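Student: As listed in Swiss-Prot for this protein:
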{"type": "COMPBIAS", "residues": "120-130", "note": "compositional bias 'Low complexity'"}
{"type": "COMPBIAS", "residues": "380-391", "note": "compositional bias 'Basic and acidic residues'"}
{"type": "COMPBIAS", "residues": "610-656", "note": "compositional bias 'Basic and acidic residues'"}
{"type": "DOMAIN", "residues": "211-354", "note": "domain 'VLRF1'"}
{"type": "MOD_RES", "residues": "266", "note": "phosphoserine"}
{"type": "MOD_RES", "residues": "533", "note": "phosphoserine"}
{"type": "MOD_RES", "residues": "607", "note": "phosphothreonine"}
{"type": "REGION", "residues": "120-140", "note": "region 'Disordered'"}
{"type": "REGION", "residues": "359-416", "note": "region 'Disordered'"}
{"type": "REGION", "residues": "442-487", "note": "region 'Disordered'"}
{"type": "REGION", "residues": "589-656", "note": "region 'Disordered'"}
{"type": "REGION", "residues": "654-666", "note": "region 'VCP/p97-interacting motif (VIM)'"}
{"type": "ZN_FING", "residues": "72-96", "note": "zinc finger"}
């Protein structure tokens with residue numbers, strides 16, 4: 001066995017923008033990533049050992065530049081044609097197909113006359129005959145075609161990357177750089193042919209100058225667009241667009257589905273089509289702008305990444321921003337993610353990175369990945385043996401028919417019976433999960449009415465009316481304040497009395513009880529004691545019931561507004577109305593340091609000046625609302641009066657309308673002589689109106705014919721039709 005190759009050193013990565021012209025790495029560069037014809041032929045010979053003796057002169061690789069022949073000639077059948085149609089018809093003949101097989105098998109070719117003679121005598125197997133012969137011949141042709149493709153295709157050596165260029169410097173180091181950042185492509189350049197001398201010098205010059213100075217990068221995919229203009233490493237400008245054009249759970253754009261003839265007519269499909277058109281317009285307007293158009297014209301390198309279906313964004317239509325065949329235009333030779341500005345920066349950084357190897361990377365790849373040579377040989381004997389398998393199996397099955405009887409006789413002779421028991425075993429794999437999976441439970445949202453009922457039930461909760469669930473949660477302990485002082489029967493009675501007074505708003509009884517607090521030490525602890533498992537205090541009950549005076553009295557007596565119930569709610573948040581909440585704010589203004597009001601969730605103090613301003617603002621709002629309502633009422637009356645006058649005028653005859661018009665003209669003349677304040681009723685009745693519908697013509701340009709005036713052409717046409725005159 002050959003010893004394993006030594007581990008190669010990892011290549012060093014250097015940015016092209018960090019290299020200067022006099023860098024040691026760039027001294028004595030020469031281009032080594034081209035393939036002469038001799039190297040190509042040698043690679044073909046070494047790819048298949050022993051193939052030199054098998055390959056006929058006709059199948060040897062063509063020496064010279066590869067191009068498409070324009071001659072009307074078939075090299076297989078040695079036939080000359082008059083036109084392309086005759087040449088295409090020849091390729092469909094059995095004679096041409098037979099000669100192709102003969103050529104692939106290295107057998108002599110037949111002329112047209114010999115082929116007709118042998119086919120008429122039956123010496124040749126029919127190319128399109130029975131199914132067996134046809135399938136065999138087609139399989140042979142396919143296998144030989146694969147062998148020919150393996151032998152004749154220009155296999156490139158290991159370690160060669162078509163999008164990169166390999167250089168070697170004076171120190172013997174190998175430099176790998178991406179071709180797209182080393183200037184425009186040459187017209188006669190080819191991937192596997194010799195690089196022209198002019199392009200070789202251009203590549204060396206661009207590498208030594210530090211890569212592209214002006215570069216435009218454009219990416220578009222799935223409704224996303226990203227573009228940037230780079231000057232060296234610096235970003236001059238960039239722009240991104242995003243439109244919803246991809247169909248849900250499909251990953252394809254809407255336009256691609258429409259192009260297949262399955263256009264959807266839903267609202268979502270229409271929205272996606274609109275977004276496609278909007279994205280097309282936005283990108284075209286951006287690239288047609290002065291800054292981007294100038295950058296595309298002066299850039300030395302243009303990098304593009306777009307799917308085949310989305311390239312019309314850059315090449316289609318009139319005044320396309322990019323031109324096909326532009327030598328500066330390159331496809332991005334990297335796998336890219338979603339088009340974003342960060343992805344553009346990553347692509348430019350990746351493409352402008354120079355990889356420096358200590359050894360030839362092609363040799364390293366060849367040693368690391370040895371080539372495996374495969375031979376595809378079809379043997380008729382193997383097929384014949386496989387065809388005999390069914391008959392052999394039938395014979396074996398016939399011989400085995402007696403086996404069960406013999407086995408049963410032997411078992412009967414031995415007297416031993418074998419019992420088989422079928423056991424079903426269930427294997428659980430839930431314990432192998434990394435995380436526990438629980439079904440997601442949806443919380444039902446309660447409406448305002450349910451929340452209000454909860455507050456009322458909390459306010460009316462007493463010790464004797466606690467639900468049975470509270471008994472289960474609190475154990476066997478009675479629903480009493482968790483205080484030692486409240487264990488006596490007198491304390492329980494006092495608690496019930498205070499709670500009933502808070503709910504009913506009995507301020508007098510509370511004053512009598514609270515004024516005796518210095519004499520009765522059991523009253524003061526009950527003010528802030530929670531009520532059972534619900535956690536309601538006396539202050540909670542009074543606030544939920546909307547008793548503002550009771551809340552003020554309890555706060556002045558020493559009730560703590562920071563005590564929370566079982567749902568972590570202070571008394572301020574359960575207040576029934578604004579007036580009750582204002583009592584907490586007034587107490588905060590008088591006693592700012594008494595409690596932690598942030599814990600009590602009281603927003604701020606309420607001073608007398610603030611209340612005065614609020615009262616003034618409410619009065620102004622009320623006056624404005626009354627004035628607005630009065631204006632609306634007057635407007636409605638005017639509209640009603642105008643509608644009645646319009647209906648009355650429309651019901652008049654033409655004679656009466658002429659009389660009213662004469663009176664209106666006379667009144668206008670008298671008003672000009674004696675100007676007075678007009679009466680609103682007279683003004684409404686004497687204003688000019690449409691002769692057909694009676695609509696007021698004030699502020700409108702009327703339509704006239706003869707002595708009649710109309711508000712619209714429709715009324716004019718209706719009046720003419722009624723008068724029996726033509727409308728033209």
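A Cβ is built for glycine as well, from the same backbone N, Cα and C atoms used for every other residue.
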Student: Please report how many Å separate the Cα atom of residue 266 (phosphoserine) from that of residue 607 (phosphothreonine), as a whole number.
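Tutor: So the Cα of residue 607 (phosphothreonine) lies 59 Å away from that of residue 266 (phosphoserine).
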Student: Between the modified residues 266, 607, where is the Cβ count within 10 Å the lowest?
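Tutor: Per-residue Cβ counts within 10 Å for the modified residues 266, 607 bottom out at 266.
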Student: What does DSSP call residue 266 (phosphoserine) in the simple three-state scheme?
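Tutor: It is coil.
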Student: For the region 'VCP/p97-interacting motif (VIM)' (654-666), would you mind checking the mean pLDDT of the predicted model?
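Tutor: That stretch averages a pLDDT of 81.
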